[in-house]
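According to Swiss-Prot, the protein has these features:
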- 273-297: DNA-binding region (DNA_BIND)
- 379-402: DNA-binding region (DNA_BIND)
- 432-455: DNA-binding region (DNA_BIND)
- 11-22: compositional bias 'Polar residues' (COMPBIAS)
- 911-921: compositional bias 'Low complexity' (COMPBIAS)
- 922-935: compositional bias 'Polar residues' (COMPBIAS)
- 177-244: domain 'Myb-like 1' (DOMAIN)
- 245-301: domain 'HTH myb-type 1' (DOMAIN)
- 304-350: domain 'Myb-like 2' (DOMAIN)
- 351-406: domain 'HTH myb-type 2' (DOMAIN)
- 407-459: domain 'HTH myb-type 3' (DOMAIN)
- 1-22: region 'Disordered' (REGION)
- 911-935: region 'Disordered' (REGION)
Amino acid sequence: MSDLVMFEPGASTSTDVPTNTDQTAMSTTQVVDALECDTFEGLMNVNETYVEILDSALLSVQQHLDDNLKRQQQLKEEYRLYNRADITKRKVPVHLYMPPYFKDDNNMYPPMSSEAREKQVLKWFDPMMKEEKKWTPSEIKTLRTSVKNALVAHQVQPWCSRRDIVASKLRDADITTSNFDRRQWTMELEDLMRKIAYVREKSEEEVLTASADYTVVPWTAIANFDFKGSRTEWAVKSKWYNELNPKWNKEHWSNEEVEKLKYLRESPKFVSWPMLALNLGTNRTSYQCMEKYKTEVSQHSKEWSQDEDTKLIALTKITSINGHIQWDKVAQCMPGRTRQQVRTRFSHTLDASVKHGRWTDQEDVLLVCAVSRYGAKDWAKVAQAVQNRNDSQCRERWTNVLNRSAHVNERFTLVEDEQLLYAVKVFGKGNWAKCQMLLPKKTSRQLRRRYLQLIAAKLRLAAGFCNAVDAMKSGRRAPEEDELEQEDIVEAEQIPNELMKEVYEKFANENPDMNETPEEFYKRVSALERPAAARIRALKNKPDYQKIQDKINEIVQKHKNAAEIDKELHSSEILSSLTITEVDVRYMIERSKTLTRYYEARQFRKNVDQIGCRVRPIKIDLDPETMPTFDPNDAEDEKQMVIVESLCSVIRAHDVKEWGTKFWNEHRFTAPKYAKRFVENMVINKSKEVAEWYLHVNSKSCNQNDVHCPAKSTLPPTAASFDLHKMLQKARSGLNRLSAEHFYPLDVSLAQQFNFKNDEREGLDGDRRMHIGLSDEVTNSKEYANFYARMRSILLEPMRLGIARESSSDETKRLVRCLAEERACDEEQQVTCDQIRRRRMPDDEIYVTPTSISRELNNGMKIDTTELLANLDKNSAKKIRMKRKIGEVRCDTKIKLLPLVILATVATVAARPARPPRSSAGTPTPSHVSIDTESNISLKVELD
């Protein structure tokens with residue numbers, strides 16, 4: 001081991017010895033660190049040392065990896081908890097920013113000063129007083145349990161003291177104590193334990209009685225320990241004595257109680273509310289009596305004044321917090337009005353954001369979507385989704401119009417009238433939801449309206465205006481078309497079987513080959529007679545038919561049969577069983593006054609009269625029921641006058657009660673019928689013509705004159721068709737992915753189709769078009785032609801609108817582009833007119849303009865670009881010097897005619913600010929410049 005052993009440890013060394021590595025492995029010489037070891041044992045020791053160092057390094061790395069994994073798990077858990085919806089973000093407590101502002105770590109504020117103590121003695125308002133929170137059911141349960149435990153503890157306190165004494169005697173007994181005493185003490189202790197256990201096991205109803213003494217309850221301990229300081233002693237004690245005490249009556253107020261309360265309060269002998277509660281004799285507190293009288297008894301329905309409306313609007317603005325109005329505070333500031341009254345008045349009348357009047361189709365669509373999302377329960381969220389409508393409007397619209405069941409009928413029979421009056425007797429007036437349980441085919445709104453109609457009918461009968469049958473019929477609306485058709489079907493099914501069989505036998509005798517049953521025969525005959533019945537109903541709706549009907553009624557009145565007499569007697573009995581109170585009469589009178597006031601204060605009355613005065617009278621007698629017609633030869637002013645006068649006449653006629661009733665019963669169904677017929681004609685009949693034209697064009701016998709599609713074969717764009725077009729555009733990407741299983745996109749060539757994989761199919765969006773090739777058997781079929789024609793009729797105009805309408809992003813790009821072009825044009829115009837002075841060149845006094853550059857290019861010019869290229873690329877200077885050594889290349893080109901593109905490019909280059917050349921000792925060597933444009937035109941200018 002006399003030779004020198006070299007060991008290369010890497011970075012850690014003890015002695016630096018320069019050596020040369022193998023020449024075959026390294027191309028250059030390197031100096032490395034080495035260890036000098038004279039013996040093999042020394043080399044092994046060094047090796048073991050490095051092994052230990054490596055092991056410790058591996059352990060350290062492993063420990064760091066474990067720590068990293070643990071930290072990753074912690075971060076994942078924190079991220080999961082952060083994204084959980086049920087864990088709310090921690091917020092700063094609000095009480096930190098509320099008085100008192102000077103608090104220590106325990107939220108304790110300094111003692112009161114002399115001024116504060118004086119204000120407290122004088123009963124001044126305490127600004128530190130907090131508003132009482134509403135009691136929750138859990139807090140009420142805690143209070144009852146605490147009071148019960150306090151009463152039980154006070155009751156068993158003497159027994160517990162005696163128990164402790166007897167127990168101490170038993171513990172202290174010794175040999176001097178007789179067995180008799182021990183036995184007596186043991187029996188007494190067991191008796192005390194039984195009494196204590198019995199009292200402690202009593203229920204709340206047995207302990208919390210009206211005769212219990214609640215003065216022994218430690219209210220301070222309950223407020224501090226049981227409620228942990230969240231309620232004050234005064235709040236806990238007041239809650240128990242004024243509300244939760246069992247001696248107070250908490251049942252619903254009966255009618256006798258309300259009447260007696262009203263009498264005692266309005267009596268001149270009224271002194272105070274405690275005396276009134278004592279005289280009432282129903283175990284009501286003074287606060288209960290005052291609250292009942294202020295909120296319900298004295299709150300009769302009175303008109304809102306202008307001052308009240310102004311005050312209510314101001315209060316809603318003051319008490320509004322983040323869009324939510326505190327109606328309790330508003331009601332407190334409005335004496336004589338309840339919370340529901342002020343809320344209803346503001347939301348239904350005074351709220352400027354709430355829209356009134358007829359519902360549009362767009363609002364109905366929003367309402368249906370909101371109900372499908374939130375359900376027909378949370379009407380506040382539904383109203384927020386619909387916008388400009390309150391919750392009651394949304395509920396009424398959904399319940400009475402959009403979601404009205406097909407079996408709900410507006411008309412009431414005599415049996416249903418009896419059921420309604422019985423339900424009112426059972427449940428009382430106003431409980432229409434409960435009354436609906438007895439009449440499931442009627443809505444609560446229909447029951448209320450029918451009850452008011454019965455009251456009005458009895459008043460008319462008592463006044464002698466009509467008989468009982470006419471009084472019962474008044475107020476009912478005219479039946480709709482679908483209801484009349486349903487009645488025809490029911491009446492047809494109720495035809496006696498004998499008559500049906502007789503007609504069938506006569507018809508079968510004349511036609512022996514008849515294979516129909518009597519039921520099938522009669523159904524076929526009834527189906528043929530239904531259009532005639534509809535025409536007869538339409539005839540009855542005409543005004544001329546009323547005269548004939550009146551004459552027939554006179555004849556029928558003279559010869560009235562017994563059934564009608566019984567019906568009139570039955571109607572009289574129903575009206576006689578109806579009890580009308582003074583409140584009902586007062587309500588009907590106020591309701592009529594309200595309707596009259598609304599009629600006189602209608603919105604368009606003044607405007608219509610003013611417009612009618614400004615319009616020049618025309619010589620045409622207009623009928624509100626007829627549409628205005630024009631003569632093509634009339635002037636445009638005359639046509640405008642006709643339109644304005646017809647609109648004014650329609651509004652005036654609509655204000656008339658008789659014509660308005662006729663409109664709501666008959667004419668309002670005309671427009672939907674016309675629209676339905678128009679759509680059916682366009683989608684079905686016109687589509688057939690388009691389908692025939694499509695098949696004719698695809699056939700071989702098509703001429704050049706047959707290429708044009710039939711005119712007026714598309715529907716006008718509507719909200720429904722436009723929404724359908726939007727829905728199809730949204731679903732286009734999914735449809736493209738479905739069709740990609742069988743077809744390829746148009747931008748995929750035949751050679752690329754082999755490499756078109758599933759990933760590319762899944763990435764298809766709605767902007768790419770598919771190359772869908774259908775067979776001639778499909779495209780030439782009538783079904784495909786009809787489908788094409790109907791889709792064309794519905795979606796052609798919405799597609800044109802979608803193409804013609806510019807998107808917001810495209811509009812922004814276009815405006816930016818136009819502004820840039822205008823700015824560039826203005827700048828070029830100013831430069832041309834020498835309104836903008838370019839930066840002066842360092843070597844001469846010449847100003848560069850597009851005109852001067854064009855003149856120099858036509859005559860030849862000198863441009864030195866050496867320094868310019870050197871500034872743009874540092875390597876270019878080296879290349880230029882290398883080229884100079886080889887030789888200078890010059891190209892003598894005389895430019896006489898330049899294309900317009902080159903001139904524009906040169907003008908753009910000239911418009912840029914010139915760079916000053918670098919200072920050099922000698923004259924720069926001439927070179928060449930290349931100007932590359934977008935059209936790849938290279939321009940080389942000779943430099944003299």
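Placement of Cβ uses the backbone N, Cα and C atoms for every residue, glycine included.
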Folded-back contacts onto the DNA-binding region (273-297), same chain, C-beta under 8 angstroms, at least six residues removed: 242-243, 247-249, 253, 257-258, 260-262, 264-265, 338
For the DNA-binding region (379-402), the mean pLDDT of the predicted model: 85
DSSP-derived helix, strand and coil totals, residue by residue, for the DNA-binding region (379-402): 20 helix, 0 strand, 4 coil
Helix-strand-coil residue split for the domain 'HTH myb-type 1' (245-301), DSSP-based: 32 helix, 0 strand, 25 coil
Tally of residues which DSSP labels helix, strand or coil - the DNA-binding region (432-455): 16 helix, 0 strand, 8 coil
